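Asks: In case it helps, Swiss-Prot gives these features for our protein:
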BINDING   HIS108, HIS112, CYS208, HIS212  Zn(2+) binding site
Amino acid sequence: MAFHCQRDCYATELLTEVVSCHPAQLKLENGGKKNTVSGFNVLLKDTVLFPEGGGQPDDRGFIGEVPVLRVIRQGPDAVHFVASPLDPATEVLVKIDWNRRFDHMQQHSGQHLVTAIADSLYGFKTTSWDLGRQRSVIELDTPLVTAEQVEAIEKVANQKIREHVPVHVRLITVDDPEFDMVRSRGLPDDHAGPVRIIDIEGVDANMCCGTHVRNLSDLQMIKILGTEKGKKNKTNLIFLSGERVLKYVSRSYNTEKTLTSLLKNGPEEHIEAVDKLQKSVKALQKNNLTLLRDLAVLTAENFKSKADRGKFFSLHRKEGDNEFMNIIANEIGTEDTLLFLTIGDEKTSGLFLLAGPPGIVEKFGPRVCEILDGKGAGKCGRFQGKANKMSQRAEVEVLLQKVISSVEITQE
């Protein structure tokens, strides 16, 4: 049985009845991480909310006043995951997030159109696709799609949109002769009942459970951004449909305006200007590295030139890297001197190096790391890593001064 959202993809609400409600848990993404959330699985007599399937993400919306967090298909049922319980046999009004739904419809129907044209023009078969949050990707079974072919596919797709081609939804049985003629990647193992066909009139007929536009004119436009190398002998075609094209143009124009202001030139000169800046930065970084190395050597020589230099050397700099610290350690020598070197912000995070007699470093390296709330490792008289509490540096110095006072280090 098809859900109401599949029979009428443009319906935004539906009065229906709660069949069941059971406690459940589900992993939901929040801030890029998946966390297990407790809630309830709700079954309805029918639903206007599309459950995830056919490469299309699920809908969002409300059952009464209760937000629907996920909709998942389980066999013939659409399971609605919600945070609050709903009473069975209760009549409820189900509403969808139309902006999300229509976006998915535009991308999904756009994929059908691009897939059909790529096949009819060049015999490129679609092996999979992904409806992403920002852009969608069609995986084509070919190692190469040329720029000319991309342009031709896009041109024909937009021509069909301008021709106002109708899109029909039909249901057929698996024993219907047409079943073996339509494009398909197979039915789910738990599929039952009629097979749903999305028919773009005169262009394509394809098995699909997703929601689609009723006319290609509702796609507004299609823009193929380009291609990327896919899996072995496959090419990924990146595209946008409908409102996503308008949003992409708006973002691109705002970026162009910002770059024009920053670079003090016109859009046609942006690439050349950025290229010059990158080369200048690379040259400056190279010069800076040379100066840091020279500074490391001079710092070490200055310490060694002091008659009363002692057996402990401590230094902190905001600028530098691991190489800077290791050059100092190499130049001073660690057989008769204990060195504590740090790089970075004095109050937050940075890098550290403890170098000296292996016995001392091996014993106190982990303690230094602990005080600095860092992570690191050591061998051969050196313990280095990253520190999260550089503000604790003074505490480390006190500890190491006590170590020097209590442990005899042979000095030339």
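Just so it is clear, glycine is given a Cβ too, placed from its N, Cα and C backbone atoms.
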Asks: What other residues of this chain sit with their CB within 8 A of the center of the CB atoms of HIS108, HIS112, CYS208, HIS212, the recorded Zn(2+) site?
Replies: GLY54, GLN56, MET105, SER109, GLN111, ILE198, ASN206, GLY210, THR211
Asks: Would you mind pulling the DSSP three-state label for HIS212 (Zn(2+) binding site)?
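Replies: HIS212 (Zn(2+) binding site) sits in coil per DSSP, no helix or strand.
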Asks: Including all protein chains shown, what's the count of other C-beta atoms within 10 A of the C-beta of HIS112 (Zn(2+) binding site)?
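Replies: Summing over all protein chains shown, HIS112 (Zn(2+) binding site) has 25 other Cβ atoms within 10 Å.
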Asks: Once near-sequence residues are set aside, which residues in the chain of HIS108 (Zn(2+) binding site), 6 or more away, have Cβ atoms under 8 Å from its Cβ?
Replies: GLY54, GLY55, GLN56, LEU131, CYS208, GLY210, THR211, HIS212
